[in-house]
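Following: one structure in structure tokens, then a few remarks.
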Amino acid sequence: MAEQSSRNLDTGRAGIILAGGRSRRFDGIDKATAPVGGRPMIHRVAASLDPAVDELVINCRADQRDTFAAALSDFDVRFAEDSHPDHGPVFGLRTAVRASNAEYAAILPCDMPLVPTGFISHLFGRVQGGTGVIPSVSETPVPLPSVVHCRAGEVACTETIRAGSDRLKDVMSTLGVNVLDGREVQAHAGLDAFSNVNTIDDLRALSSRR
């Protein structure tokens with residue numbers, strides 16, 4: 001039987017940005033603050049989420065907070081600092097949903113700056129009272145971007161951690177999320193929307209397309 005969360009029943013929508021990684025493939029720079037179109041990448045992600053949500057929650061390490069606060073000064077954000085830094089995105093997601101007051105949360109990584117707000121809104125519309133919804137990209141379900149029920153997501157993260165996994169796709173499997181097919185996804189977002197910026201070369205390629 002799944003463990004019960006101690007959270008109270010919440011309402012509303014949150015936008016969660018997972019940004020606690022070390023950017024080890026980014027030449028020593030925190031990729032969240034790398035410029036995309038003249039703005040820090042994390043600012044671009046926040047700008048995608050903000051119109052579709054009631055609150056923004058930023059998961060990060062304590063040493064990133066001041067830099068991110070400056071980069072996100074245009075937004076009203078809540079920080080959810082990692083209590084277990086460097087333990088991966090499942091710990092980060094659990095920290096973020098615990099910090100949120102929302103019933104559902106849209107989740108984006110800090111390195112996916114092209115997801116349109118309309119697609120985030122579509123995910124919220126498609127969750128339909130369930131535990132979560134994720135897209136299928138090139139016929140493969142992907143865990144981000146996604147919308148999940150915060151309380152159920154917290155429990156699923158805990159169960160995934162206890163099972164020894166640090167993979168978000170295992171969280172989504174535990175949740176039993178719905179998967180949007182590729183045609184529906186493409187109707188609301190181009191394939192470029194799901195591009196991750198993992199390296200400096202990825203950033204250059206992204207900049208050349210803009």
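Placement of Cβ uses the backbone N, Cα and C atoms for every residue, glycine included.
Per Swiss-Prot, the feature GTP binding site maps to LEU18, ALA19, GLY20, LYS31, ASN59, ASP86, ASP111; the stated evidence is similarity to another entry. When secondary structure is read from DSSP and collapsed to three states, LYS31 (GTP binding site) falls in the helix class. The 10 Å shell around the Cβ of LYS31 (GTP binding site) contains 27 further Cβ atoms across the protein chains shown.
Following the DSSP three-state reduction, the secondary structure of ASP111 (GTP binding site) is coil. Same-chain residues at least 6 positions away in sequence with a Cβ under 8 Å from that of ASP111 (GTP binding site) are, in sequence order, LYS31, ALA32, MET41, ASN196, VAL197, ASN198. Positions annotated as Mg(2+) binding site by Swiss-Prot, on the basis of similarity to another entry: ASP111.
Just so you know, the Cβ of ALA19 (GTP binding site) picks up 29 other Cβ atoms within 10 Å once every protein chain is counted.
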